[in-house]
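Read the structure below first, then the notes.
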Amino acid sequence: MARDYYEILGVARDADKEEIKQAYRRLARKYHPDVNKEPGAEERFKEINRAYEVLSEPETRARYDRFGPEGVSGAGVGFQDMSDMGGFADIFESIFSGFAGGGMGGPTQQRRRGGPARGDDLRLDLKLDFREAVFGGEKEIRISHLETCETCSGSGAKPGTRPRTCSTCSGSGQVRRVTRTPFGSFTQVSTCPTCNGTGMVIEDKCDTCDGKGTNQVTKKLKITIPAGVDNGTRLRIKDEGDAGQRGGPPGDLYVYLFVNEDEEFQRDGINVISEIKVSYLQAILGCRLEVNTVDGPVELIIPAGTQPNTVMKLENRGVPRLGNPVSRGDHLLTVLIDIPTKVIPEERELLEKLAKIKGDRTGKGGLEGFLGNLFK
C-alpha cells in the first residue's frame, strides 16, 4: 500500500503551501542522491518528489484529498509548468546551490551541467608556536590539490581531438521522459546516462589524466601569517584549491590556525599572562628583576611591600592586534612570593629579632603572622 503523501513530507493534512515547501526543501536536501549515498536514499528522494508534485498544486492536492492515490495516479507537473508553480526550479536552485563541494573544504558554488564549474575549496590545519602566532611571519606549507592537466588543457581529450556533444541529451546533460495520462502530462527529468550530466562525450581520453581534465599534484607554498593570529583564525589563499572543471575557476585554500601551548606564557585576548616568583625579602624590601617577555628579557620593578598574587603590568608587551599590529596588548605578571619552609640558624636569629621588633608573639608552635612557618 502506498504511503500517505502528507506522512512522507511529515506535514499535517491542513498544512499550507509554504509549510509543504519547507518540508520538501529539508527532505530533498537530506536524501538527494548526490549527497546521501546510503542504500534506499534515491528511492526515498523519488518518493519525496512525488509527494511534493501532488501536494504543491491545489488541483492535484484536491484530487488526492478526495480520491487518494488513485485520483492522481500517473499525474504530475509537466516541465513546462515549472515557471508557473514557482516550486521545483526555484527550490532546486536554492537547495543545491551549495552542493558540489567536498574535498577538505566546505561547499562551493553550484555546478551547472555542461558549463564551467568552480573547483572545490580545500582546508588545511596548521599548528604554530606561541611566538609565531604573536609576531606572524612567513611559513612554508605542503598541499595536495587538483591542477588542470597540462597535456589536454583540462578538456580530458587526447591532444588533437576534442570532446563531442552528447547525442543522447544534445548537450543539455539531462534526459526527459514524458508520460501522458488522462490527468495530464508528467515529465521526468534525470541525468543523462551517456555523458553523466556533462553534455559532452570524450571518445579519445587524455593519457595523462585519463579523461578527467585534472591531476592530483603535491606542492609547497609559502604563506604569510599575520601578527596576532589565534586559535581558529582562518586564512584564505586564493586559487589554491582544486582546479575548476571545463574552464571554471579554481577553488580557494583555507588554512585554519592552531596555536601550541607555551611553557611560560599564556594568552588572554591580546594580553600575555605569566607568573614571576620572588623571595619574601624581595617582596618586603622591593627589588629590580629581569623577566622574560615575548620580546625578550626586560627589567621589572617590584615595589616594597608587594603582596602575594599582585598583578604587575608591562604595557605594550602583549600581542599585536590582528589587522593593526601597531596596537598591542599588555604583559600581565602575577607575583608569587616564595616563603622557605626552613632557614639556617643565622637567618633564624635575625628573623627572631625582627619578630620582637614587630611585636609578633613567638612560641613552641612558631611565630604567628607573616613569618610563622619559618620557625617550625
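Placement of Cβ uses the backbone N, Cα and C atoms for every residue, glycine included.
Copied over from Swiss-Prot, here are the features:
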type: DOMAIN; residues: 4-68; note: domain 'J'
type: REGION; residues: 102-121; note: region 'Disordered'
type: ZN_FING; residues: 136-218; note: zinc finger
type: REPEAT; residues: 149-156; note: repeat 'CXXCXGXG motif'
type: BINDING; residues: Cys149, Cys152, Cys206, Cys209; note: Zn(2+) 1 binding site
type: REPEAT; residues: 166-173; note: repeat 'CXXCXGXG motif'
type: BINDING; residues: Cys166, Cys169, Cys192, Cys195; note: Zn(2+) 2 binding site
type: REPEAT; residues: 192-199; note: repeat 'CXXCXGXG motif'
type: REPEAT; residues: 206-213; note: repeat 'CXXCXGXG motif'
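On the structure: features taken from Swiss-Prot.
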{"residue": "Cys149", "record": "Zn(2+) 1 binding site", "CB count, 10 Å": "20"}
{"residue": "Cys152", "record": "Zn(2+) 1 binding site", "CB count, 10 Å": "25"}
{"residue": "Cys166", "record": "Zn(2+) 2 binding site", "CB count, 10 Å": "21"}
{"residue": "Cys169", "record": "Zn(2+) 2 binding site", "CB count, 10 Å": "23"}
{"residue": "Cys192", "record": "Zn(2+) 2 binding site", "CB count, 10 Å": "21"}
{"residue": "Cys195", "record": "Zn(2+) 2 binding site", "CB count, 10 Å": "25"}
{"residue": "Cys206", "record": "Zn(2+) 1 binding site", "CB count, 10 Å": "22"}
{"residue": "Cys209", "record": "Zn(2+) 1 binding site", "CB count, 10 Å": "22"}
Summary of DSSP states over the domain 'J' (4-68), given as helix, strand and coil counts:
46 helix, 0 strand, 19 coil
The repeat 'CXXCXGXG motif' (206-213) touching the repeat 'CXXCXGXG motif' (149-156) per 3+ Cβ pairs under 8 Å rule
yes
Which state, by DSSP, holds Cys152 (Zn(2+) 1 binding site): helix, strand or coil?
coil
Given the model, what does the mean pLDDT over the repeat 'CXXCXGXG motif' (149-156) come out as?
92
What does DSSP give as the helix, strand and coil breakdown of the repeat 'CXXCXGXG motif' (192-199)?
0 helix, 0 strand, 8 coil
Residue from Cys166, Cys169, Cys192, Cys195 whose C-alpha is spatially nearest that of Cys149 (Zn(2+) 1 binding site), among the binding-site residues
Cys195
Around the Zn(2+) 1 site formed by Cys149, Cys152, Cys206, Cys209, which additional residues qualify by having Cβ within 8 Å of the site's Cβ center?
Glu150, Thr151, Ser153, Gly154, Ser155, Gly156, Ala157, Lys205, Asp207, Thr208, Asp210, Gly211, Lys212, Gly213, Thr214, Asn215
To the nearest Å, how far is the Cα of Cys166 (Zn(2+) 2 binding site) from the Cα of Cys206 (Zn(2+) 1 binding site)?
18
Among Cys169, Cys192, Cys195, these being the binding-site residues, pick the one whose CA is nearest to that of Cys209 (Zn(2+) 1 binding site).
Cys195
